[in-house]
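Lifted from TrEMBL, the feature list:
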- 5-321: domain 'Cobalamin-independent methionine synthase MetE N-terminal' (DOMAIN)
- Arg17, Glu18, Leu19, Lys20, Lys119, Arg526, Cys527, Trp572, Glu616: 5-methyltetrahydropteroyltri-L-glutamate binding site (BINDING)
- 437-759: domain 'Cobalamin-independent methionine synthase MetE C-terminal/archaeal' (DOMAIN)
- Ile442, Gly443, Ser444, Glu495, Asp610: L-methionine binding site (BINDING)
- Ile442, Gly443, Ser444, Glu495, Asp610: L-homocysteine binding site (BINDING)
- His652, Cys654, Glu676, Cys737: Zn(2+) binding site (BINDING)
- His705: active site, proton donor (ACT_SITE)
Amino acid sequence: MATTTHILGFPRIGEKRELKFALEGYWRGELDLPQLAATGASIRQENWTLQADNQLRFVTAGDFAWYDHVLNMSLLLGHVPQRHRDGDIDMDTLFNIARGQSRQECSCHDGNAASEMTKWFNTNYHYIVPEFSADDTFKVSWSQLFDEVDEAIQQGHQVKPVLLGPLSYLYLGKSVTAEFDRLSLLPQLVIAYQTIVDKLAAQGVAWIQIDEPILALELEPVWLDAFQTAYTQLQRKNKQGSPKLLLTTYFDSITDVLERVTALPVDGLHIDVVSAPQQLDQVSEKLPADWVLSVGVINGRNVWRADLAALLKQLQPLKAQLGERLWIASSCSLLHSPVDLSLETDLSEAMQSWFAFARQKVTELGLLGAALDGDTQAIEACRKYSLPIEQRRASQQVNKPHVRQRVEAINESLATRSLPYQQRAIYQQEALQLPFLPTTTIGSFPQTGEIRKLRRDFRQGHLSESDYKTVLKAHIHEAVERQEALGLDVLVHGEAERNDMVEYFAENLSGFQTTRFGWVQSYGSRCVKPAIIVADIEREKPITVEWSQYAQSLTSKQMKGMLTGPVTILCWTFPREDIPRKTMSQQLALALRDEVADLQSAGIDIIQIDEPAIREGLPLKKRDHQTYLDWAVQSFRIAASSAVPQTQIHTHMCYSEFNEIIESVAALDADVITIETSRSNMELLDAFEAFNYPNEIGPGVYDIHSPNIPSQAWMVELLKKASQAIPAERLWVNPDCGLKTRGWPETEAALRNMVAAAKTLRAHWKAQVIV
Ligand code: GLN
Ligand code: ZN
């Protein structure tokens, strides 16, 4: 029998983001439910046809979601937050949980808040967090999964449904009632899972993929124990003819818990050997004799062509050992890859031959499966398929000796400012002449339709470079005037030239490739289009200097230069697979270091290096954190350390929870850090206080995600609160994040109040000091 090939899931957005546009049309009331449903059905049909055409043993169902697959699971289990329960569960329930129900939509009460959203492990996908309370019940109530299984069967496919497993579902949720142990819900939850399995059995399903990605975390023993209990209960009724369970893990190794896993009553195990190749030997050795082993060899999270020739060689002995029990698969769901490389007609032929997007990855699996089964044509095809990978390895355009040398020469002194903060602060005070409680913003100003059109026209060649620059400079001029009128102390140029804080640098550094349709779902209808690191990175010419210098020429106030940090650029792009993340981060750091030096020479005395993603890059296992943090911090410091003591380096981060990494945040040694704190009512400052954070801090005093205009009094209160954690001499006054998603009227109103709040406190606190 042929080697079993399958994927853990396929992107649901459609090759040209059809689902996004349909969803947004539906939300605006321009599309009705049948029209939305038709878009979903056609995406699923296309995805399944592709899998069948490539001879995958199963097509995967249950990977399609209108908004999020974790939310699907909640609906399937009839597990809906109390505030969203009014009558039957339907599509509106789904979207209300995901997006909140506004007051306008519902006049009866204040509107029901959306559920929280959080990152899916260490990916850039966000899921809707299930909410658990002590009296929760579960009752299978949403037929989408069963309908889609039927739909696939009717289209003539052998279907393998995917479920998020009960332990991961519980673990990834949060408790909303105090003092209660989520695990107490498990027995009931498993009963609902049993019902689901029974229904799938009745539909004729032979295998179910049950995802338990939390097995790759460092789980507490109670959770591990719960696996045994739950799966025993789930399989209690397992009799002849009922579906088999493939327990699926991904994103990291599970060897820590291998003994626990192999004791579970399931029928097979999937491991991710892309993120953790070292686990393969141990797992295959310890595999129970009647289990299948699904080996995830095709990277679901990146865009690179698989080295099929090498994989074939690696898998052949395993095939000999396991025979039919060897399955091959994508490492994780292909949800995290863009959909179709064949749309990228602008890419050079060489570049085309380096990549594989989701569709191409399915083809790779089909080919690899056939080759493993001894098909000589497929074996030859695998060999040919790997040739560009070898050529690329030898290319000096990819592996640039001069960049390598510079990276090799990195040492501690390159990553250290010439003086410690306390001394730098004295120089900076003298050079910058900033008032007590200086006011500033985080970088971007409203990206109006006009600005977006300007960039689009330039990109599409409808506007000459000089015309583009002239109009852009007019926007910068306007932003500067507005800031001067508001009385801000440290100004910014507004980032009108940037579509996105990472893509802009990717387009202007050598070593990156951007795509036209390489979209990946971030959450709901939102997609991102990460650039790809394709070669050693270098800066061929200054990137931001002209804009910052021009902006500085318009004002006697300080103009803050604005860069995206090395770690954030790395975290928000598709990295190379042939060199370590650390090396790419260091290359970026060196490029940015040169930019810092050039900005400084051009008369920019304050430079912000944004690192909002530094925490996202953390590996899944705590024991791997420090190694990452060490090189991440070093990269930032390399970038910052071309600054002389008089030059003030800022950084900005916008995520919650600094506790875990506060030492590393301090180790960045930025002169000033601006952070998001307003939504937590300054609670996030606790970590800084507890740690006795030594440098200056700008705790965000208002939430830029909301159009509401914060009052002066409100911000005064927040600043007073902040001053209890951080000495006022080291406080800055600024919003939580950049303002690009806001309009000018609300931005100006909010900043006017913010400046007034700072002035009030200056007067108040100065008076207190004099007394
Ligand atoms: N400087 C960027 C901006 O203002 C920072 C964005 C971010 O932190 N995500 O838009
Ligand atoms: Zn931010």
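Note that the numbers count up from 1, one per residue, in the order the chain is shown.
Backbone N, Cα and C atoms are what each Cβ position is placed from, and that goes for glycine too.
Curation does not apply to TrEMBL; its annotations are automatic.
In the three-state DSSP reading, Leu19 (5-methyltetrahydropteroyltri-L-glutamate binding site) counts as helix.
Max Cα-Cα distance over the annotated L-methionine binders (Ile442, Gly443, Ser444, Glu495, Asp610) is 13 Å. Secondary structure at Cys737 (Zn(2+) binding site), taken from DSSP and collapsed to helix, strand or coil, is coil.
The number of other Cβ atoms within 10 Å of the Cβ belonging to Glu495 (L-methionine binding site), over all protein chains shown, comes to 24.
Using a 10 Å Cβ-Cβ cutoff, the residue listed as 'active site, proton donor' registers 14 neighbours. Taking the Cα atom of each, His652 (Zn(2+) binding site) and Leu19 (5-methyltetrahydropteroyltri-L-glutamate binding site) are about 34 angstrom apart. The binding-site residues near Cys737 (Zn(2+) binding site), taking a 10 angstroms Cα-Cα threshold over the set Leu19, Lys119, Ser444, Glu616, are Ser444. Summed and averaged per residue, pLDDT over the domain 'Cobalamin-independent methionine synthase MetE C-terminal/archaeal' (437-759) gives 96. Screening the recorded positions Leu19, Lys119, Ser444, Asp610, His705, Cys737 for a C-beta under 6 A from any atom of ligand 1 leaves Ser444, Asp610, Cys737. Shown in sequence order, Thr441, Val492, Met501, Met562, Gln608, His652, Cys737, Gly738, Lys740 are the same-chain residues outside Ile442, Gly443, Ser444, Glu495, Asp610 whose Cβ sits within 8 Å of the Cβ centre of the L-homocysteine site. If you count neighbouring Cβ atoms within 10 Å for each of the binding-site residues Asp610, Glu616, Glu676, the highest count belongs to Asp610. The 5-methyltetrahydropteroyltri-L-glutamate site in the record is lined by Arg17, Glu18, Leu19, Lys20, Lys119, Arg526, Cys527, Trp572, Glu616, and its two most distant CA atoms lie 29 Å apart. Using a 10 Å Cβ-Cβ cutoff, His652 (Zn(2+) binding site) registers 27 neighbours. Within the same chain, the residues at least 6 positions away from Lys119 (5-methyltetrahydropteroyltri-L-glutamate binding site) whose Cβ sits under 8 Å from its Cβ are Tyr125, His126, Tyr127, Glu616, listed in sequence order. Checking each of the binding-site residues Arg17, Leu19, Ser444, Asp610 against Cys654 (Zn(2+) binding site) by C-alpha distance, the shortest gap belongs to Asp610.
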